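S.K.: Here TrEMBL flags 1-136 as domain 'Nucleoside diphosphate kinase-like'. Per TrEMBL, ATP binding site is recorded for Lys9, Phe57, Arg85, Thr91, Arg102, Asn116. The annotation active site, pros-phosphohistidine intermediate is assigned in TrEMBL to His119.
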Amino acid sequence: MEQTLLLIKPDGVKRQLTGEVLARVERKGYVMTDLKMVMATEELLSEHYAEHREKPFFPDLVTYMTSGPIVAVIVEGARVIEGIRSLSGSTEPTLAAPGTIRGDLGRDWGTGQIENIVHSSDSPESAAREIGLWFN
Ligand code: RTP
Ligand code: MG
C-alpha cells in the first residue's frame, strides 16, 4: 500500500492543531502507521529541503521549522500521496482553497512569511526518501 510522509509543522503543533489535522486524515480513510514528535535539526532540514537549500527563503524556513516540535506521521492508503496533498491545499495559505488544511488554518503574515501547518511528500520518490530521513 502507498505511503507518504506528513509533517505537522511547529505552527500547527503550537496552535494545538495536531488533532484537527489528524482527524481530517483519518476521516478521509487513511491510516497512520507510525507517528512521532521531533525537534528538527538544520542538518535534517538541509536534507529534507535539499531542493531549497540555495533559495533566499531557506534561512527563514529553517528558523520556522526549528521553532518547536514537529509531529511526523507515516500515512498509508490508496493514492495517499496525491490525497494528502489535496487535503493540504496549495503552499500559500492566502491562495489555498477553503476546505483544505492550509486554506482553513494557515496564516499569512503579509511579510513573505507564511505558516502553512503541514508538509506532505510530492511523489513516490520523495515519499520514500523523506520517510527514510524522518524514520529510521
Ligand atoms: P507544495 O510543494 O505542497 O506547494 O508545498 P511545499 O510545502 O512543498 O512548498 P515548497 O514550495 O516546496 O516550499 C517548502 C516550504 O518552504 C516555505 N516557503 N516559503 N517565503 C517563501 O517564498 C516560501 N516559499 C516556500 C513554506 O513553508 C513551504 O511549505
Ligand atoms: Mg515542495
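Cβ coordinates come from backbone N, Cα and C, glycine included.
Keep in mind that TrEMBL annotations are predicted by a computer and have not been checked by a curator.
Note that the structure is a prediction, hence the values are computed from the model and not measured.
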S.K.: Could you round the CA separation between Lys9 (ATP binding site) and His119 (active site, pros-phosphohistidine intermediate) to a whole angstrom and send it over?
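M.R.: The separation of the Cα atoms works out to 7 Å.
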S.K.: How long is the line from the C-alpha of Arg85 (ATP binding site) to the C-alpha of His119 (active site, pros-phosphohistidine intermediate), rounded to the nearest angstrom?
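M.R.: It is 8 Å, counting Cα to Cα.
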S.K.: What are the non-local neighbours of the residue listed as 'active site, pros-phosphohistidine intermediate', defined as same-chain residues 6+ apart in sequence with CB under 8 A from its CB?
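M.R.: Expected: Leu5, Leu6, Leu7, Lys9.
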S.K.: Taking DSSP three-state, what's Arg102 (ATP binding site) in: helix, strand or coil?
M.R.: helix
S.K.: Can you tell me the three-state DSSP label for Arg85 (ATP binding site)?
M.R.: helix
S.K.: Taking Lys9, Phe57, Arg85, Thr91, Arg102, Asn116 as the record's ATP-binding set, what's the max Cα pairwise distance in Å, rounded to a whole number?
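M.R.: If we measure all Cα pairs in Lys9, Phe57, Arg85, Thr91, Arg102, Asn116, the largest is 22 Å.
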S.K.: Considering only the binding-site residues Lys9, Phe57, Arg102, which possess a Cβ situated under 6 angstroms from at least one atom of ligand 1?
M.R.: Phe57
S.K.: Using DSSP, what's the helix, strand and coil tally for the domain 'Nucleoside diphosphate kinase-like' (1-136)?
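M.R.: Secondary-structure composition of the domain 'Nucleoside diphosphate kinase-like' (1-136): 58 helix, 28 strand, 50 coil.
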S.K.: Counting other Cβ atoms within 10 Å, pick out the least crowded of the binding-site residues Lys9, Arg85, Arg102.
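M.R.: Looking at the binding-site residues Lys9, Arg85, Arg102, the Cβ with the fewest others within 10 Å is that of Arg85.
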S.K.: Please give the average pLDDT for the domain 'Nucleoside diphosphate kinase-like' (1-136) in this predicted model.
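M.R.: Over the domain 'Nucleoside diphosphate kinase-like' (1-136), the predicted model scores a mean pLDDT of 97.
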S.K.: Would you please pick out, from the binding-site residues Thr91, Asn116, the one with the fewest other Cβ atoms within 10 Å of its Cβ?
M.R.: Thr91
